[in-house]
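Q: For reference, the structure I am asking about is given below.
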Amino acid sequence: MKVMNPRKTNNTFMYYFVLFVCGFVLMEGCLGQNQTTEIKVGVVLDLHTSFSKLCLTSINISLSDFYKYHSDYTTRLAIHIRDSMEDVVQASSAALDLIKNEQVSAIIGPRTSMQAEFMIRLADKSQVPTITFSATCPLLTSINSPYFVRATLDDSSQVKAIAAIVKSFGWRNVVAIYVDNEFGEGILPLLTDALQDVQAFVVNRCLIPQEANDDQILKELYKLMTMQTRVFVVHMPPTLGFRFFQKAREIGMMEEGYVWLLTDGVMNLLKSNERGSSLENMQGVLGVRSHIPKSKKLKNFRLRWEKMFPKKGNDEEMNIFALRAYDSITALAMAVEKTNIKSLRYDHPIASGNNKTNLGTLGVSRYGPSLLKALSNVRFNGLAGEFELINGQLESSVFDVINIIGSEERIIGLWRPSNGIVNAKSKNTTSVLGERLGPVIWPGKSKDVPKGWQIPTNGKMLRVGIPVKKGFLEFVDAKIDPISNAMTPTGYCIEIFEAVLKKLPYSVIPKYIAFLSPDENYDEMVYQVYTGAYDAVVGDVTIVANRSLYVDFTLPYTESGVSMMVPLKDNKNTWVFLRPWSLDLWVTTACFFVFIGFIVWILEHRVNTDFRGPPHHQIGTSFWFAFSTMNFAHREKVVSNLARFVVLVWCFVVLVLIQSYTANLTSFFTVKLLQPTVTNWKDLIKFNKNIGYQRGTFVRELLKSQGFDESQLKPFGSAVECDELFSNGTITASFDEVAYIKVILSQNSSKYTMVEPSFKTAGFGFVFPKKSPLTDDVSRAILNVTQGEEMQHIENKWFKKPNNCPDLNTSLSSNHLSLSSFWGLFLIAGIASFLALLIFVANFLYEHKHTLFDDSENSFRGKLKFLVRNFDEKDIKSHMFKENAVHNVSSPITQGSSSPLTDQSTPLPRSPEQYRELELRRVSSISSGELFTTQSEQVEDEESAIIQCEGE
């Protein structure tokens, strides 16, 4: 019998054992290639709502589609569903259960923004990415959790689209209507900022409770009816929004003139309600909705959806959130496949109890960071458009601008972040208001763009504050009946305001409210408009910069400027007739009178007997002739052409001088020579003079800013008080606006005057709240009133100007006419005179050239004396004397008579001048020697002719 070796038996056993183990390992490896890893994903939704049912259906379809086309993936998402029961606490409890008990790697949900806040904090603590496709509140971003992923657009992305619509139609004010929770409040700051960027403003807010009943909704709607603004931006959940518009239609707020702008909170889910009733109540509404680009993939999905719900109702209508849910699951499945699944476990702290919901035992996922990183890198074209996460959420996308018309949701435009609103069909990007959108049908089936505001017709009157003053009642006078306490406002400002209201294209009924202030502080009255106590302020309110910070002013309806008023000094003067001309003009004129008289004497002395005779006679005649030209009363005739030329030019100069003198003297008597006591306001500061200002006005601060000391400022409340301060010497000058100064001057025109404006202001204007729609219309109406005759009638009624009051615009500065105004005339007269004199001298020297060149008289002095003697003689060759001589010869009286020099029996009477002239001729003839013999007969003939002429 053969005995086996024990050692050999052991080796054989070991061989088979190793072979078995290797085979088992190889088998496990082969089997592992066909196995997948399950990734737990929690889903928290309100399962009893149609919205959640649609989204859950979309999630299941997404999982089926994804793994159908990616069967080779080694990971599979396992969905664990929890019902949040439309409750914030229940949603947080569901998330806590998924994290603690199921140890999910990610959570999808919740449905609302309110449910999401605490869930995000739990997920952040456990490092579990929470992906929401429907929580759009911008406030969730402030949690600043890296594990919060928003696979949808938040509400901040649509506010710029809404602002673009407001800008496109030129509206300036809107009313924000939103649900009273985090969802509604989150959009308001962003909407306000976006509207301000386009110069529009949220002027009022209306909060609607989430669970509001019909009575609460109606109460808020009636409040909206009392507001002037008719542009409403509505942001609320669809269920509340549908009831809101139903009530708005019932009370007539869906008629012409109203503008309703809806956010995508309602527009994205329009089809989730009974289609007919919801759209019927929202005719003419504009809204924005996330734009879903067309694609083949989306088209196929819609066909499959319709097959799944062949008899679909509105509850089964596919919406943008169902598409977002589909894309969210797709993105998560893609991210999971790219991660390392070896870290699929939680790190748990030491438990402090057996309570399953104890937050102290909440584990931390090791897988969360890698999954979050992979998710942020996912990018693909989904059903709702491009899917790419930027900072944990989708980027701002394109929005459709929707107009609800009948049963249709007509797309009339698109809004893009890059170029704003464009026409949906023409892609027009013109900047003209309203032309970027297609035709819009507004509420009430109107095609006219609403102006965005109107005066309420519910009986509410415009509350107008007016100041109660003690003085200057011409502007505003609030008369209060002590018995009935009824107020009757009158005055210039009131009448202007009522005239302006009549020019408006609609009816505005003012209700005047008296503003009583001990110090008549206008700043405080204007501030009441800012607080809402008044709808407007009417009165003598000046437009100044600090007031315009919190209210709006209309265009001014009065003159602008702050001027200085000073007393007049009456400069009555005996020598007032000398005032029109300055001293240099008087002296120059007098010198020219003498000069012209001298020139005329030179030109006329040899040919005109009026300018001959004794020296004193000739001097008197010359002066008389020259000065009598002032009134053209000279009786002497000029016979020389040169003298006539000089006199003609001089008469023109005198005419201009006399007319100017008369006009200026008249103006001096018109203003009565009144002069201001002060002309420079800076002198008041220099000499520390007291000045007055109207109590309660901005003038006080203006004067202090210009350097006036507080002790110099003396207030007054009326024109009478101002006159008293001047009369008793308390003030030297007063500063006030031009309108007030005119009132004072109309009562005391002979005592004070207004110096030119020192400081510029904008004048009086009406006050309205910031961005009030009335401001522009009232400003346009002011232009119509001020440019017409009605304005002048109102001014004449309240500011009657006395007949003896000088023109306030008349300059009281020096109006002396100086030589500089007439030097051209004097230059012409001087040139004409010297030219005539030069011609005369040249002719005279030419006639006596034989004397100048005669060698018998070598002495220059002798020749000069000879020329002087000849100048003093009559020019017998003159046409004047020749004419007289011819007349004497042909006269029948002298015909046949003897010479008067030889006939001594019947001498003709001779004047002393005639004797003097004959004597001079004889002396001249004797002294000339040889000339006497040659010219004696001629002299006798001349004497005879002269005597005969004078005898006649």
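The backbone N, Cα and C atoms fix where each Cβ goes, glycine too.
Feature list, courtesy of Swiss-Prot:
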TOPO_DOM  33-582  topological domain 'Extracellular'
CARBOHYD  Asn34  N-linked glycosylation site
CARBOHYD  Asn60  N-linked glycosylation site
CARBOHYD  Asn355  N-linked glycosylation site
CARBOHYD  Asn428  N-linked glycosylation site
CARBOHYD  Asn546  N-linked glycosylation site
TOPO_DOM  604-612  topological domain 'Cytoplasmic'
TOPO_DOM  634-637  topological domain 'Cytoplasmic'
TOPO_DOM  659-821  topological domain 'Extracellular'
CARBOHYD  Asn664  N-linked glycosylation site
CARBOHYD  Asn728  N-linked glycosylation site
CARBOHYD  Asn748  N-linked glycosylation site
CARBOHYD  Asn784  N-linked glycosylation site
CARBOHYD  Asn809  N-linked glycosylation site
TOPO_DOM  843-952  topological domain 'Cytoplasmic'
COMPBIAS  889-908  compositional bias 'Polar residues'
REGION    889-914  region 'Disordered'
REGION    932-952  region 'Disordered'
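Explain the structural surroundings of these features, please.
A: For Asn60 (N-linked glycosylation site), the same-chain residues 6+ apart in sequence whose C-beta sits under 8 angstroms from its C-beta are Ile79. DSSP assigns Asn60 (N-linked glycosylation site) to a helical segment in the three-state reduction.
Within 10 Å of the C-beta of Asn546 (N-linked glycosylation site) there are 10 other C-beta atoms, taking all protein chains into account.
Taking the topological domain 'Cytoplasmic' (634-637) as a whole, pLDDT averages 64 in the prediction.
Under the DSSP three-state reduction, Asn664 (N-linked glycosylation site) is assigned to helix.
In this chain, none of the residues that are 6 or more apart from Asn728 (N-linked glycosylation site) has a CB less than 8 Å from its CB.
In the three-state DSSP reading, Asn748 (N-linked glycosylation site) counts as coil.
The Cβ of Asn784 (N-linked glycosylation site) lies under 8 Å from the Cβ of Lys503, each on the same chain and at least six residues away in sequence.
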Q: What count of other C-beta atoms do you get within 10 angstroms of the C-beta of Asn748 (N-linked glycosylation site), across all chains shown?
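A: 21, counting other Cβ atoms within 10 Å of Asn748 (N-linked glycosylation site).
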Q: Where Asn748 (N-linked glycosylation site) and Asn546 (N-linked glycosylation site) are concerned, what is their Cα separation in Å, rounded?
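A: The Cα atom of Asn748 (N-linked glycosylation site) is 33 Å away from the Cα atom of Asn546 (N-linked glycosylation site).
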Q: Give the helix, strand or coil assignment DSSP yields for Asn728 (N-linked glycosylation site).
A: coil
Q: What Cα-Cα separation, expressed in whole Å, is found between Asn546 (N-linked glycosylation site) and Asn664 (N-linked glycosylation site)?
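A: With the alpha carbons as reference points, the distance is 47 Å.
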Q: CB neighbours of Asn664 (N-linked glycosylation site) within 10 A?
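A: If we count other Cβ atoms within 10 Å of Asn664 (N-linked glycosylation site), we arrive at 15.
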